[in-house]
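Trainee: Just lifted these from TrEMBL, have a look:
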DOMAIN    53-390  domain 'UDP-N-acetylglucosamine 2-epimerase'
BINDING   H584, C594, C596, C601  Zn(2+) binding site
Amino acid sequence: EVYFKNLSKQKQKEVMEKNGNSHKLRVCVATCNRADYSKLAPIMFGIKAEPHFFELDVVVLGSHLIDDYGNTYRMIEQDDFDIHTRLHTIVRGEDEAAMVESVGLALVKLPDVLNRLKPDIMIVHGDRFDALALATSAALMNIRILHIEGGEVSGTIDDSIRHAITKLAHYHVCCTRSAEQHLIAMCEDHDRILLAGCPSYDKLLSAKNKDYMSIIRMWLGEDVKTRDYIVALQHPVTTDIKHSIKMFELTLDALISFNKRTLVLFPNVDAGDKEMVRVMRKKGIEHHPNFRAVKHVPFDQFIQLVAHAGCMIGNSSCGVREVGAFGTPVINLGTRQTGRETGENVLHVRDADTQDKILHALQLQFGKQYPCSKIYGDGNAVPRILKFLKSIDLKEPLQKKFCFPPVKDNISQDIDHILETQSALAVDLGGTNLRVAIVSMKGEIVKKYTQLNPKTYEDRLELILKMCVEAASEAVNLNCRILGVGKLTNTNFLNSSIRVTYYSKVLRESINVGGLSIYSKMVCLMAPITITGNCAALAERKFGHGKGIENFVTLITGTGIGGGIVHQHELIHGSSFCAAELGHIVVSLDGPECLCGSRGCIEAYASGIALQREAKKLHD
C-alpha cells in the first residue's frame, strides 16, 4: 500500500512538472439542476479539499435559478461554494421548441463566461439539454471536457444527448462496467475512460445511519412511520409528451386509491412539465391530506426519505440508480429508464396504461425490503476521479482520437488496382453438380462453391442464383471486383431455339423456364453462356499449356464428354457452337437417349451417367 501511494505521488509530481510547478489545474464545474448537483457536489467537495492542486470555478444555470423549481442554487451556497457565474438560460414554454431555444440561449451566453474563466477542464454531467450546450461551447472553445455518467442507456431523447456529449468529451467517468464497454464500443480511447462508480454513492453509503425520523416528520408529518409512506417522482417523456401526461394522471389516481401518505416532487424542466403540474392541481394534490407536494428536497434529506420509504414510484433515474443502495422497493413506470441497469428492487411497468395496473404494482411492492445493490458504486468514486484529474497532462494534444475497430481497406479507385483486382464469376451448370467460382484475371480461383444439382429445373435455378449472390457478396470482402459472369461466344445464339437444341438438357431447360434472363438480372451483370469445353480451351489459351500455341485441342471427360478447338489462336465454334463436343457424335441411330436430346451419341455410352446406367443394369 505504501509502495502504491508513493508511486501515485511520484506520478502526480511528474504531471505537475509537465504542467508547470506553479500551475494549478483550473476546473470549471457547471451544474444545471438539483439532480446533477447531487452527483457533482461530492466531486466539488473533493476538489475544494485540495487547494494546492486544484482551482474550482462554479457555474450555475438552468432550473437552479427558477423559483418554480425551488431556487436550488441556494443549496450550493449553503454548501459554502462560491458561485462565480449565474446564467439564466431557461426559455419558458411547454413544448419541445422551448428546450431548443434554451440550448440556443445558453450557447449565446456561455462563450463570454468561458473566455473570462479560462478553465483547463470543464466537468459536465449526464444527459440534459443544458449539459449539451455546455459541452458544445467548451469543445468549440478548445476546453477539455470531463463527462460524468457517459455510456449509460435509457429512454427518451436523453440517450441521444448523452451520447452526443460523449463524442464531444475528452475524458469519461462511468459508473458501471456495461457503461464502460459501451464507451469503448463507441470508439472512445480506453486510456481516457475511468470506471469510478457514481459520485453520489460516496454520500449515500455513509448517510443511512444519520437521524432520519426528524427528516421524515418534517416532510410528511408527525404521525408517519418508516416503511409506511411513498415517494413519487415523475417527469415528462419528451418523445411522447401526451402519453406521459396521461400516465402521470393514472399514477396519481392509483396513489389516491392506495391511500398511503405520499411525498410528491414537482417534475424537472422539460417539455410537458407545466401540464403535469396542472394535473396535480386539477386533482387537488397540494391540498389532499395524504399528499405533500414539494418543489425541492435537499439531497441529504431526500436520500433519508427514500431510504426509509415503503416504496418509490415514478420514472426518475434516482429510482433505478440511487435507491438501490438502500433496497427500497421501486416501481419504474413507462419507458424513460428503458435500458438502465437495475437491481432486483425495481419492478418495471412498461405499459402503465391503466390505473389498476399501477395499483396492482403498488400492492406488490409496498413495504418490501430488498438486498442493497451496489451496481452503480461502492462509495469510493471521488478519490478515483480526483486521481484521474491529477493524471491529465495538459501538454497532450487537445484533439481527441477515436479508436475505431480494424476494418478492411476500401477498394481502391486507382486504375492499376482496379485492373489488378477485377474478377469474374464462373458458373458451371453441370449434370451432377452446380459450381460457382470467383476467378481472378490471373486465372486463380479465389473461392469456389459446389452444390449437388437439384432434381427440378426451378430448384436448380433458385440454387444457382443463391450461390451467385453469395459469391458476389463475399467477393467484396475478398477485395475482388466482379466485372462479369461466364464467357459469351455469340450473343445471338441465346435467342435461337435451333442452336439451343444442340446444348445440354440442363441448359436447354434452364432457357425454357426463363433461367438465363432471370439469372442475368439477379446478378446485375452480363451473363454470357458457353459450354464447358469451350471454357476449358479459352482458359488453356489464356493461362495454361495452350498459352502462345497457335493450334490445340482440349478434351474433357466427366458427367459428359466434350472439348474445345483453338485454331490460329481463335476458338472454333462450329455451325452449332459445339465444334469439339465429341461426346455428341452419333455412333448408333438406335442407341440410348443422350442428354442432348439425340440418340446413340458417344456420351450416351461412355459418360459418367452412361456408366452408372450400365452398372445399374448389371446389378438388376
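Glycine is no exception: its Cβ is also placed from the backbone N, Cα and C atoms.
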Trainee: What other residues of the same chain, not counting H584, C594, C596, C601, have a CB atom within 8 A of the CB centroid of the Zn(2+) site?
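Mentor: For the Zn(2+) site the neighbour list reads E581, G583, V586, L595, G597, S598, I602, E603, A604.
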Trainee: If you count Cβ atoms within 10 Å of the Cβ of H584 (Zn(2+) binding site), leaving out that atom itself, what do you get?
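Mentor: There are 22 such Cβ atoms around H584 (Zn(2+) binding site).
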Trainee: Go through C594, C596, C601, our binding-site residues, and report the one whose Cβ sees the most other Cβ atoms within 10 Å.
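Mentor: Max Cβ neighbours within 10 Å, all protein chains included: C601.
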Trainee: Is C601 (Zn(2+) binding site) helix, strand or coil when read with DSSP?
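Mentor: The residue in question, C601 (Zn(2+) binding site), is strand (DSSP, three-state).
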